Every structure is written in C-alpha cells, then in structure tokens.
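Residues or ranges marked as ATP binding site in TrEMBL: 107, 123, 222, 223, 224, 225, 294, 309. The Mn(2+) binding site annotation in TrEMBL covers 142, 309. Positions annotated as domain 'FAM20 C-terminal' by TrEMBL: 190-398. According to TrEMBL, the feature active site maps to 289.
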C-alpha cells in the first residue's frame, strides 16, 4: 500500500474513532458498550410497570424467600424480576405480627415483623406531597414517599442497590397497638381524634409525634436485608461536618479526590465508582445527608455501596444542591454504563419512567409534579458536568468501563 493510501486510511480510521466517541457522549449506539446498555435500558423499561396486588405464581417459596435469594455482592435484586410486584404487594398487605421501636438513628421509624417472620422498617407520613422543606438540604423530618420514589429511581438507573420499598396504609389501633412492644406502646398518644406515636430515636419528641388520620396512617415499608448479609458502616469520604462554620476538606480542596484515590478501599476495585454513582443518585433526589454508607461486611471493598436511608430526599424541588456532585466534578470520572443510562433518560424520559414505575404503589402519586420536573432538570446538570470533564480531560480519562458483576456466593 502506498504511503498516500496509508495516510488516507489512517485519517479515515481516526474520523471513525472520533465519531464513535462523540456518538457515545451523545448517548448513541455507536459501540458494543452502548448497544449493551441500550438493551439493558429496554429491559428496564419493559419491566417498569408493576401489577397492583400481584401474587406469586408458585407456592413453593414465600415472597421473603424469593427476595432473599436475589441479594448478591453487587445487587439487591437482579436485572429482571417478574416477581417484584408480588413481593412489594406482600410487603404492603401482609399481616403485622409484631411492632417495636425502630433501630438506632435520628428519625422516627418502627420495626415491624410481617407474617412469615419478615422484618420491615416503617416510616410514617410527616408532610403532604407539596410541602417544601426550607433551610439546609438535609433539614426536616424523613419523607416516607421519598423512600418509595428513590427505590424506583434505583431501578430506573439500573443500579439495583436499594432495598425494596413500598407504600403502605396501617391502622395504628388494630394493626400496630395490638401487637406493639411495651416500649413502642408507651409512645402512643391521641391528638383530637387522631392516633399518634413518637417512637424512640435521637430526635424523637413527645411534642412532635407522627399522627394518623383517625387511626389510619400512611407510610413506607422497607424490606430488611437478609441476616446472612451483615452490613458494615463506613464514613463517607465526601461527608459534611454538620457544624456551622467548619468545612470538610472536600469543600475547600479541589484536589481532594487525588487523596481519596490513595485510601483503601478507594484505591482499587469498584468502590470509588460506586461513590460517584451514588453522588449522581443523591443529586437527582436532592439527598445531601449521606454522611455514612453501608456495604456488606468483610467485602474487601468489592461489594456495592448499598443505597439505604433515602428519606431526606425530595424536600425542596427548587433547590439543586450542586455540592452533592463533588465526587463527580472533583474526580471527573463516571462509569460508561451510568453515562449511557443517563443519556437515555434525557428529554423527560426520567420523570415519565418514575411515574410509570410508581403507578402501582398504594400511596401513588409518590411525588408532586414539581419534584418530577426537578429530576429532569437535575439530570441535565449532571450531564453538563460530565461533558465539561470530557472537554478538559478527554473521554478516555473520564468514561470508565467497569461492568463488575460478582457471582452470588
């Protein structure tokens, strides 16, 4: 081949390479990775709509056994879960056998044991859907509807790292007080004709109870992860100080990510990319309160970052707290699969998907329209930041191919 022909061929290959990169950055199908991610997106879309009141087709296993078998080091539930609707329906309707105060924490909750011995965490309704939580982005009571919406957003994003959540109405008098522990029962009171309780937690006060409408209380229930998967708690490297006038290092040191990359478990394995995924997830839902996070115990940094406790979300639809994205704009890296999924959710697809995913839920609509619009707006903000990173550092440095899937063991 003559030199001129070689140069023409090289130039043509270079153009194809550049176009492929551009196509990927626009969320297209120009690579094997993009096609793989598009198929995964289509599977997600096909499974979004869940049947209200679904039941398991077989009787050999309980809903709790089905859900327990789903859990693995890198996912709480698999890519395709035809039984998901039935498991959520069981969470929303199964008889409550026992009720007790919630596990340790700052916010009001109750620990319920459903028929068949399955533990769930119940978080009561504190605000109407259109209530705007003013102040700091982590202010206010927990929002039960935020837990429901965040779980389904986890499905839509393809992370599958959030425990199962569903809305539920409970009768405090007949379903809870009748089976409550003495400790929980001691926190019940009446306000007018409404049954209320205030539980036991760091911020729980008799003067600030959660109240039902009459005896019926709206809330969310979160499925307890199987005991065979014990949790380990970690301090979030981008956690806030929660002290007025005192900044965390990441808030003033723009090179902070370089220091994080030298610390275990962020110096190898998937954990740093999980942190970045979580930052995107938290920014979309407006959660600035992830000061700690959980993984499975003794994982050596290989298990997922589990998306627990998402109730400090969807507080103020007008507030886009950019600092939540600090891991993204300081590290300037993101999974290719995450990037492709975000691009496929542009143009209102994200909010539409969340409406579809939650339509079956007993407490639908889970979010006010302002919060759904905020999701689409914040998504564009994430995409803008990643594009800026690509323009500065190049796609090869920013978009990381990491499709780690560990076997269920």
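Even glycines carry a Cβ here, placed using N, Cα and C.
The maximal spread of the ATP binding site, taken as the longest Cα to Cα distance among 107, 123, 222, 223, 224, 225, 294, 309, is 20 Å.
The separation of residue 107 (ATP binding site) from residue 142 (Mn(2+) binding site), Cα to Cα, is 7 Å. Most other Cβ atoms within 10 A: among the binding-site residues 107, 222, that distinction falls to 222. Checking each of the binding-site residues 222, 223, 224, 225 against residue 289 (active site) by C-alpha distance, the shortest gap belongs to 222.
Each of the binding-site residues 223, 225 was ranked by the number of other C-beta atoms within 10 Å, and first place falls to 223. Close to residue 294 (ATP binding site) in the fold, though at least 6 residues off in sequence, lie 231, 232, 233, 234, 305, 306, 308, each with a CB less than 8 Å from its CB. A sphere of 10 angstroms centred on the C-beta of residue 309 (ATP binding site) encloses 25 other C-beta atoms. Take the CB of the residue listed as 'active site' and look out to 10 A: across all protein chains shown you find 24 other CB atoms. All protein chains included, residue 123 (ATP binding site) registers 27 other Cβ atoms within 10 Å of its own Cβ.
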